[in-house]
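Database features, via Swiss-Prot:
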{"type": "BINDING", "residues": "ARG47", "note": "NADP(+) binding site"}
{"type": "BINDING", "residues": "ARG156, SER157, SER158, ASN281, ALA282, GLY321, LYS336, PRO337, THR338, SER339, THR340, ARG363", "note": "FMN binding site"}
Amino acid sequence: MEILGGPHFAVAGAGESHGPAVTTIIHGSPPGFRIRRCDVQPFLDRRRPGGNKHGTPRNEKDKVVFLAGLYRDDTDALLTGSKLTVDVDDQSFETEGYEDGFTTGEPIAAIVLSTSKKSGDYTQFSGPTGEVRPGHTDLVKFHQSKGFVDVRGGGRSSYRSTITDVIGGSVARIILRECFGTRFVSSICQVGSLKSKQSLADTLTIDNIDEIETSLGEAEIASIDHEFANEAGELIKETRKRGNSLGAAVEVVAVGVPPLLGQPLYQSLKVRLMGALGGLNAVQSCEIGSGVDVIPRTGSENNDPIRSSGYQSNTHGGLLGGITTGSPLVARVGFKPTSTINLPQDSVNKRLDEIEFELAKGRHDPCVGVRAGVTLESRMAIELLNSVLAYQATAHCGDSIKLF
């Protein structure tokens, strides 16, 4: 079974790129936290295709409807808002979704409909003579499933599946912010060979986070380095015109992180975070803290000084021995160039006959890192909340999560 997070807080999903909808089930949410649809929707808006001129031309509205796991005695407030209509056997059925309620501790269910599909664009890849796109899962998934695979838009392997990540992560970050003041922010720090001259981790504080979030939310390229963002936007535009694609790197930071979370070895929070972030579609690398920059340093240069007030620097990225220190969690995630390009390439069909492949039709992102930040934030939030609940499950009564 594929789940994100777990065992204490976990998210599961279903749905293909060109299926009717993407569904989400959230397990382990503690009771008593207020979840409003209007607080979750902005995170999906950041993720959705068509919301950024540098992304895919596919334009989905991605409006979420909550179906289970929320309640309040004021049922007008609970139900007033979203509706779901289904036509079956020449009959129409309508029901309300949950708009504003409190978690009950039961599984939370949500659905997002898929309404902007051009499935005819993918006949090129159908059946045993279907062509294989280099860099995609076409070949391995076809043979793994004995040919029973949905080729439209990548099927279940599509980035559309991350709707589930963002819904689950939205609930996790609402709970973490209410309990600890934890906040999550991301900034694009590299596109192709262009690199940002500013680091989010070096800039972000609890005091300036609202200003930075507003600035990032208004930008086409969500980077704190505006000069870099403008140059990156032009580079993406020119690369798309040439039918090619670009890689990217995204810095993800969480502030207000409780200390003492995680395990030291096989379930360390470092292992889990690197797995969650590194397992996202198209990710090729994941670094914690200063990452590979620590390699040429000496120990005296790299160790973070400690005083009674806490750590004086954060080379360790908020994790030591897989356990949080209370310093900001810092990760840098690298994405490969989008595999779908409009240029001739050597490939095969699914019977392994050699061909010269050229894309007939399709819609895709020229740089997948552009809208990946919110998904990375969401995955970090899910793993962090799972670690909080794991800590609380083994803590002595009355223990608070405190180090300094």
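The backbone N, Cα and C atoms fix where each Cβ goes, and this holds for glycine too.
A map of Swiss-Prot features onto the structure.
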{"residue": "ARG47", "record": "NADP(+) binding site", "CB count, 10 Å": "23"}
{"residue": "ARG156", "record": "FMN binding site", "CB count, 10 Å": "18"}
{"residue": "SER158", "record": "FMN binding site", "CB count, 10 Å": "20"}
{"residue": "ALA282", "record": "FMN binding site", "CB count, 10 Å": "20"}
{"residue": "LYS336", "record": "FMN binding site", "CB count, 10 Å": "17"}
{"residue": "THR338", "record": "FMN binding site", "CB count, 10 Å": "23"}
{"residue": "THR340", "record": "FMN binding site", "CB count, 10 Å": "19"}
